[in-house]
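Engineer: Sharing the record's features from TrEMBL:
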REGION    196-260  region 'Disordered'
COMPBIAS  197-210  compositional bias 'Polar residues'
COMPBIAS  211-224  compositional bias 'Basic and acidic residues'
COMPBIAS  233-256  compositional bias 'Basic and acidic residues'
DOMAIN    273-371  domain 'CS'
Amino acid sequence: MVRISEDLIRRRAEHNNGEIFSLEEVSLHQQDIERIEHIDKWCRDLKILYLQNNLIPKIENVGRLKKLEYLNLALNNIEVIENLEGCESLQKLDLTVNFVGKLSSVESLKQNVLLRELYLVGNPCTEFHGYRQYVMACLPQLQWLDGKEIRRGERIQALQELDAVRRHVLEHEAEYLEKREEQKRSGLKETIEKLLSENQNGTHQNPESSSKAHTEDKEKEFWEKPCPFTPESRLEAHRHLEDKRRVKEKEREKPKTKTPRTLITADGRVLNINEPKLDFSLTEDENNCMHLEIHVYRHMDTSLLDVDVQPTYVRVTVKGKVFQLVLSAEVKPDSSTAQRSQTTGHLLLILPLAHGEIKPKKPIARPTSVTSKHNIKKGTREAPGRELLEVDPGLAGSLANIVPKGKESSHKPLQLSQPHQCCVVEERPVSKDFVDDPEVPPLM
């Protein structure tokens, strides 16, 4: 139940600097108020009072508002017009869509001599035969009824037929009041039966499982069940909505236990995750380094980034959201670097490969007439693009016969450097045909 408090009125009196004693207008509509109270003590100078769309069942505690000119009580649960005799300045009264069934109670407004407008649209009394004629005849000061002007000829005719109209109105009123009492008894009976069924279900079933299983069915049954439009049904619908609102608020207040995201499975398999939904690119340069560029937000502070480089994966936390990428090769975490671009704000990770030594291409062996595969020493590396000539040690002595005998050569004789340790020159016996030519230098 919402009560009218001093704090509530002060909050509604912002245009009056929060002062309520001199307040002339206050709006308390749609506050779920169920009783009018305190206003006649705190706001004696009030001229306009808005109380529409609440749950007020009775007009009370407004008799001391001598300056009140307009009272709006539309969309409430009022059944009787009463307690307005003290509102000497009342000019307009709005009781649209209430439950006024006792039409004879309108005669209590005779003392409000300044009353000019009255609204009773949507009340049960408007369905009585002779309703308009009866109100016009009872309230001669009225000029407008339900937004329609009262003409002089219409009022004269209503005064002439007042006795007959009053008789019809009282008959309809008695029927309605009897029907209303029956509605109250049936409503009370349904409420008791509902409470008993809920208690029985609560003793045999778990409330949580039962409520979860039947919430939608009960909700559908509640709104589709036919019921008369009464103050009780309106109050029940309001409380039903209020209960739902409270349940939702409790659910919001509960700390949300977010299931932790699985980054590494139980069997040790690392998963690829992109919670912040960032674009990225992974390339490999000629220096055997991987370049991982993550397109983080340009104006985001670097303190909101957390980088963790592991040998087989990279994990970057961006504002609490995880970006994790499995690498295709093992890298060196200690030698890795991270930097941000000053123009784009992108994060660049340089990840050296763990097995990133440069391996030259194997040279292509070309066949020669002098060398063969079995003459190449094991472990000897050839320079790429260059042919190596290796001489068999057994052929070293025949190098002297490169220049044929008896033929002069314009070229200088071939001089050999001292043989390597691996090459041994064998001595041969001097041939009989050998002629020692002094012009030919000896072999060293």
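Residue 1 is the first one shown; counting continues down the chain.
Glycine residues also receive a Cβ, built from the backbone N, Cα and C atoms like all the rest.
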Engineer: Using DSSP, break the compositional bias 'Basic and acidic residues' (233-256) down into helix, strand and coil residues and give each count.
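Structural biologist: Grouping H, G, I as helix and E, B as strand yields 21 helix, 0 strand, 3 coil.
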Engineer: Return the average pLDDT for the domain 'CS' (273-371) as a whole number.
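Structural biologist: Taking every residue in the domain 'CS' (273-371) and averaging pLDDT yields 83.
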Engineer: Let's see if you can do this one: DSSP helix, strand and coil counts over the domain 'CS' (273-371), in that order.
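Structural biologist: Helix (H, G, I), strand (E, B), coil: 3 helix, 42 strand, 54 coil.
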